[in-house]
Amino acid sequence: MAHFFPPSSPRTEIADQTRLTHAGDGLDMSIEPSFRSPQKDGEDLVRQIRGGGRGGPAAVLATPNARNPLAGRRNQPTKSEFTPLLKSAMKNNVRNWNANAGGIETPAALRPGYKFDNSPGLPEASTMYDNESSSMGDVAGTPGPPVQSSSIMSTPMGLRRDGDGVLENGNMLTLREQEAKLENLDKENFGLKLKIFYLEENLKKSGNEWNQLTIKENTDLKVEGTTMKVEIGKLKKSLSRAERDLEEYRSQLHDYADKVKRRHNSEAAQEELGELRKLAEERAAEIENLQRQLEDAKNDEEVDKLRGQVDDLESELRAREQELDERDEELDALQEKLEAANGNQDAELQEKNQMIKEQAEELEELRQQLRKAERLDAAEQLKEDEIQSFQKRIEALERQKKEETDLHVKSLERQVQSMEREKQSEVDALLDRLAQQAANEARESLRQAELDSLDAARDELEDCQRQLQQYVEDAKRRDAEEEKRDDQIQQLREDLRARERELSPMKKRSTAGDSRTRELESEVEGLRQQLRAKEREFSPLKRRVGEHDGTTLELEHLRISLGERERELKSLQKSFEAQTAALQELQRLRASYDKGNDDLVSVHRNLDQRSAELQARTQDLDAARKALGERTVELNDRNRELESIRQTLRDRNSELEALRQTFDEPDTQLEVVQGIVRERDHDLEALRNTVNAHEKNLEALRITAEERLSTIEALKEELASEKEMLGDEIEVLENNVVELEQDKSNLEAKIEALEKEIKGSYELQDKIEPLEKQIRALEREKTKLQSEIEELQQDLRIGDQDRTSLRERISKLSKELDDLRSADPNDRTIATERKDLHELVKSSKLEAEDLRLDLNDRESRLADLESRFRTEKQEREKKLKSLQLEIEDLHFQISEKDGELEAYAAKLKQGTSSNAKKHSSDLKELHDMLRNATLEVEDQLDAITRESRQIIREKERALQRQGGGSDEDLLLLKQQIGEREKRHSGELKGLAKQIQFLRARCAREQGFRESLAYEKRFFLMQIEMYNQCNQADLRLIEEMGITPDTSVKKAKPSLRTVGFAVIAGVRMQRMREEWAGSRKLGDALLRKFESMRRQGRRGVVR
C-alpha cells in the first residue's frame, strides 16, 4: 500500500529544511538503525528459554501482549547530515526500482509538492493511522481474534521476567511480531527513500525561484544592452551629422578666408605695383639723365664723375641686396614660428578631441549610474512598501535599542552629511565640466578663427615670398641693365675717341681755311658766346637738379623708414588687438565663473533636497530595523512555543508507548486506546501544521531580513566609497580654487602692466605722429621739387634743341669754308693761315681754361653737397637706428607679455593638477634665469659700449694731441666703430634667438611634465578601479559559492590597441616636427658659439 506524504505536514525536520536555511550543513540521508545492539548475555534467547543465565535469574517468557505488531517505530529526528556518495547511491537504487517495476509506483498527481496549473489539487489521504499495522489500520477491517492464555500459541513454560531488554518484555517476539517488525523496517526504508526523492525534487523546485530571478536579471540586462546599443547608434548618427556640419562650416570658413585674402592680396598687390611703377619711372628718369649727361660729356673728368655716381648706385644696390637677405632670414624665422604655432594648435586640437571623447565616456558612465540609481529607487520603493507593513511590529524592539541606534544614527548622519558634500562636489565637478565643455566649444570656434587667420597669414607670407622673388629678379635685371649701361658708357667713350680722331683732320683742314673762315669764325665766336650764356643759364638749373636728386634719395630713404614704421605700427596694433582679445577672454571667464557660482547655489539646493530624502530613508531604515527587531522577538517566542509543543509531543508519545505496553486487554480496550490515539494524532497534525506555518513565516522573515541587511550594507559601502571620492574631489577643487584665485590676481596685475604698456605705446604713437607730419611735408616738398625738375628738364630740352641747331649751323659753315677753300686755294697766303691757326689755338686754350675753372667750381660745390648730405644722412640714420631699437625693445616686451599671457591662459585651460605649484615654481625659476641672463648680457653690452666710447675718446684726444691726425686713422676708427656696431647688432640677434630657444625648451619641458602628471593620475585611477572591480567580483563569487578560475587567459590583440599606437606615433611625429625648428635654432647657436670661441682662441694665439 502506498503511503502519502503531504508537503503541508512533513514527517521530519529534514523536509522542512532548505538549502538557504542550512547552507553550510549537509543533509543527513544515512539510514538510522532501528534496533540497539544486543547485549552479550541478556539477549541470548535460547538461554532465557532454558532458564539459565549468567549472574542473574532466568528470564520469564510470558505470553506477549495483544498489541499491534505492525505499528511503525519512527526514528527520532537527528542532525542533518549529507554525503554525496549516499545520494548518488540512492539515485541509482531509485532508477533500478523504476526500471524493474516499470515506472514510479505513486502517480505524479499524488506526489507531495505537485501543483496543478488551473485546477485544485486532489484531497490527500490522512497519515493519522500510519503508526498502526495493516490489519489494525482500517476501522472497517476485521479485528484480530483475541489471544487466549490456554491456547496452542501460548507458552506452557513459566519463564522468568527479570527485566525489559531491547526486544521489550521478556526479550521474546512471536513470529507475527517479527513479521510486523520486518514490514515496519521495509516501510520505513521505503518512506525514507521516498522522502529523499521528494526532498531532491523540492530542492530542484526551490532552486527554480533563484533561476527565475537570475533569468529575469539576465533579460533585464539584455534589454538594457539592446536599448544602450540603440542609443549608441543614435548618438553615433548625431556625431556623424555634427562632424559633417563641422566640415561644411570649415569649408565655408576657408572659402570666406580665401575671398578675404584675395581681396587683401589684390589691394596690397595694386599698391605695391603702383610703388614699383613709380620707382621704375624714377629710375628710368635717372637713366635718361645719366644718358644725357654722358652724351653732353666732352671730357674724361665728367665721365669719372658719372663713374662715381655709378659706383654709388652699385653700393646702394648691394646694401639693398643685404637688406633683402636680412628680410629673407626674417621671413624664414616667421615661417618657422608659424609652423611651430600650427603644430601647437594641432596638438591642442587633438587634446581637445580626446577631452571630448573622455567627457562622452564620463557622460555614458553617469547615465549608467543614473539608471542603476533608478533601479535601486524602484527596489527601494518596493522595500519601503514592505517595510511599512512591518513598522508597527518593529517599534517595540526599537525602544530597547534606542541608545545604540542613537549613536549609530549620529554616525550615519555624519556619513550622510559627508555624502552630501561629496555629491555636491560631484555636481560642482559636473557643472565645471559642462562649463569647460562650453568654454572648449567657444575656444574651438576661436581657434578655428585663429586657424583661418593663420592660413591668411601663410598666404600673405607666400605672397611676400613671391614679391621678394620678384624683387630679387628685378635686382638681377637692374644688374643686367647696369652692365648694359657700362657697355653703353664704354661705347660712348669709344665714340668720343672716334670723334676726337675725326676732329684732328678737321683741325688740319682748318689750317688751310680761306678769308671766309674769319667771317665764319666771327659768327662762330658769337654763337659760342651765346652757348656760354646758355650754359651759364643752365648751370644753376643743373645745380638744382643735383640738389633735387639728393632730396629724391632722402625721400626714398624716408619712404623706406615710413614703410618700416607703418609695419611696426601694424604689428603694435595687432599686439594691442591680441591683448584686447585676451582681456575679453578674461571677462568671459569671469562671467563663466559667476555662472558657475550660481550653478553651485542651485546644486547646494538640490543637495539639501537630497539630504532631506536621505534623512527620510534613514528613518525608514530605522523603522525597518525596529520591525526586524520585533520579528526576531516574535521568532524567539515562536521557537519557545515550538520547543514546548515538541515537549508535549514527546510526553504524548511516551504515554502512548506506556499504554501500548500496559494494555494487554481485549479489543474493546484497543478501540478506546485507538480513539484516544486518533484524537492525539489529530492534535499532533494540527500542531504540526501550525508549527510548519510558523517556521515558514520565520524563514520568510529571515530571508527578507537578510536581504534588507545586505542591501543596507551595500548602501553603506556605496555611501562610504562615494564619500571618499567626493572628499578627494572637494580637496582637488579647493586647491583649484586657490590656484585660480592666485592666477586671477596675477593676471589682473599683468593686465594692469599691459594697460600701462599700451599707454606707453599710445605715447609712442603720439611721438610718431609729428614724424609722420614731417614726412608728409617732405613729400609735398618732393612733389614741388619734382615739378621744378620737370620744368628744368623742359628748359634743358629747349637748350639742347638750340645747341643742336647751332651745331647744324656750324656744320653748314664748315661746309661753306671747305667749298670756299676748294674754290680759292691760292688767294690766301700761308702766313695768314698760321695767324688764324694761332688765334684759334689761343681761343681754344682760353676756352679750355674757362671750362677747367667751371669744372673746379662744380667739383667744390659737389663736395660741399656730398659732405652735407653725408652728415644729414648719418644724423637721420642714427635717429632711425635709435627708433628701431626702441621699437624692437617694445616688440620684445610685447612678445614677452604675449608669451606670459598665453602661458597663463594655457594654465587656466588645462585646469588643475597636483603638480601645478611645482610647474609654476620651475617656470618662475626659468624666467628668473632668463631675466638674469638678459640683464647680464645687457650689462656686458653696456660695458662694451662704454669701453668703445672711452677708446674712441682716447683716440680722438690722442689725435688732437698729435695735432689733428691723419684721415686714415679716422677712417680706421670709423671702420672699427662700424664693425663693433655690426657685432653689437649680431649679438643682440643671437640673444633674441637664445631667448626664443629657451622659451621653446621651457614650453616643451612643461608639456612633458603636465602629460606625465596626467598619465600618472590616469593610471592610478585605473588601478583603483580595477581593484574595486576585483573586490566586487570576489564578493559575488563568495556569495554564490563558486571557486574562482585560477587559469590565466592571454589577452587577444585588438584593433583598439593598434589605433592607440597609431595615434601615439602621429603625436610623437608632430612633436618631433614642432621641436625641429627650435632644434635647428639651437644647433645654429651652438655653431655660432663654437666659431666665436675659435676666433677668440686665434686672437689670443696671435
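Just so you know, glycine gets a Cβ as well, placed from its N, Cα and C.
Among the ranges 131-150, 311-330, the one that TrEMBL lists as region 'Disordered' is 131-150. Range 496-528 is the one annotated as region 'Disordered', of 397-429, 496-528 (source: TrEMBL).
Per DSSP, the secondary structure of the domain 'Pericentrin/AKAP-450 centrosomal targeting' (1001-1075) breaks down as 61 helix, 0 strand, 14 coil. Under DSSP, residues within the domain 'Centrosomin N-terminal motif 1' (174-247) fall into helix, strand and coil as 73 helix, 0 strand, 1 coil.
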